[in-house]
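Peer 1: What follows is a single structure, and I will ask about it in a moment.
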Amino acid sequence: MQAYFDQLDRVRYEGSKSSNPLAFRHYNPDELVLGKRMEEHLRFAACYWHTFCWNGADMFGVGAFNRPWQQPGEALALAKRKADVAFEFFHKLHVSFYCFHDVDVSPEGASLKEYINNFAQMVDVLAAKQEESGVKLLWGTANCFTNPRYGAGAATNPDPEVFSWAATQVVTAMEATHKLGGENYVLWGGREGYETLLNTDLRQEREQLGRFMQMVVEHKHKIGFQGTLLIEPKPQEPTKHQYDYDAATVYGFLKQFGLEKEIKLNIEANHATLAGHSFHHEIATAIALGLFGSVDANRGDAQLGWDTDQFPNSVEENALVMYEILKAGGFTTGGLNFDAKVRRQSTDKYDLFYGHIGAMDTMALALKIAARMIEDGELDKRIAQRYSGWNSELGQQILKGQMSLADLAKYAQEHNLSPVHQSGR
């Protein structure tokens, strides 16, 4: 079959002085950073949905891209053609992983039976593509938000039959992820929230969502899936309010249903922006709570109130993010998935490469700066000094539960405490 991107062999590293827009300037997969190859640190993934499924339509205009696999035709044949192009792209871009929703890779069909049969055929296609290319699956997931049946949510839907249909999709998508050697399975509740409280039973919907997640965990163990389960927080859009608002909110939810040791987080930069947080904040919070799993690398726009899913371009912001990740030991099953799309005006097929190359170079340079921060150690030293009082006898007695509130009041009076503020620098 003729290559779709026939004017490009593979994207290669040419160094920071290169003027070639189809070459890496900072991402050198084999370069050692803190003793580990850059490729192993970053674990780049390209997403199926924005890259190959979006046709360029928006709220005010029809599709603008005119991709060959988005034309009228036999659905499975078009899905196979899309897979051909996707894996050509992954290979030429030098990404190690990819990610998908079930209906990104397979036609949904007109019934559950058609959905399951179509997906089974496409899983075999994807398995062959993975074997041929060496590209692996970072994570799979089920799209339980696009079809009109999910207008009022999936797990939080008032109708248990919709809940059951969603369960079928998750079972099928998780088993497909398992068969394809996926390293994670993601749960994003696009419509697990509400439009108005006037027709919403918050307690009921929370109980439904909690039970659904418990069943997901049960099924993971039943089929022997060794990957990580990930929830992806987002505060709103398409609903007015989503129940997985941010990292801290999800932690409270997981604790309530006894799932905090079973599920971790997939943090997206743009979702942090929508929640009123920095990307750095959400990563640091997930790490502090022991829930850090993976990253959707993109960016939003602080002046816009929706999910713009732009490619990351801030080395400063992402150096701080990579610094936190390196300090925490780096990725295990997770990675950096580019949940990002070209703009509607970017109709040239090679624009897909320009966007990803710039993003990969941004994250690579951010990694190198973060590594220098680790090696320098100055920031860690200052933080350790700032909290050094907690290593004292008093600090340790407080933390170990050896002093009560009344004990501390007595201690403060007996020692005539008069602490002086120390600069935070």
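Cβ coordinates are placed from backbone N, Cα and C, and glycine is handled just like the others.
The following feature annotations were taken from Swiss-Prot:
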ACT_SITE  His101  active site
ACT_SITE  Asp104  active site
BINDING   Glu232, Glu268, Asp296, Asp339  Mg(2+) 1 binding site
BINDING   Glu268, His271, Asp307, Asp309  Mg(2+) 2 binding site
Peer 1: Taking the Cβ of Glu268 (Mg(2+) 1 binding site) as the centre, how many other Cβ atoms fall within a 10 Å radius?
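Peer 2: Taking all protein chains shown, Glu268 (Mg(2+) 1 binding site) has 27 Cβ neighbours within 10 Å.
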Peer 1: For Asp104 (active site) and Glu232 (Mg(2+) 1 binding site), what Cα-Cα distance in Å is obtained after rounding to a whole number?
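Peer 2: Cα to Cα, Asp104 (active site) and Glu232 (Mg(2+) 1 binding site) are separated by 18 Å.
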Peer 1: How many Å lie between the Cα of Asp296 (Mg(2+) 1 binding site) and the Cα of His271 (Mg(2+) 2 binding site)?
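Peer 2: His271 (Mg(2+) 2 binding site) has its Cα 9 Å from the Cα of Asp296 (Mg(2+) 1 binding site).
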Peer 1: With the Mg(2+) 2 site defined by Glu268, His271, Asp307, Asp309, which remaining residues of that chain have Cβ atoms positioned within 8 Å of the Cβ centroid?
Peer 2: Lys234, Ala269, Asn270, Thr273, Leu274, Asp296, Asn298, Gly300, Thr308, Asp339
Peer 1: Pop the Cα-Cα gap between Asp309 (Mg(2+) 2 binding site) and Asp339 (Mg(2+) 1 binding site) into the table, whole Å please.
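Peer 2: Spelling it out, the Cα of Asp339 (Mg(2+) 1 binding site) and the Cα of Asp309 (Mg(2+) 2 binding site) are 7 Å apart.
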Peer 1: Quick check: with Glu232, Glu268, Asp296, Asp339 left out, which same-chain residues have Cβ atoms within 8 Å of the centroid of the Mg(2+) 1 site Cβ atoms?
Peer 2: Trp188, Asn266, Ile267, Ala269, Asn270, His271, Val295, Asn298, Asn337
Peer 1: Provide the three-state secondary structure of His101 (active site) computed with DSSP.
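Peer 2: Where His101 (active site) sits, the three-state DSSP reduction gives strand.
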Peer 1: In which DSSP state, out of helix, strand and coil, do we find Asp307 (Mg(2+) 2 binding site)?
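Peer 2: Note: Asp307 (Mg(2+) 2 binding site) is coil by DSSP, not helix or strand.
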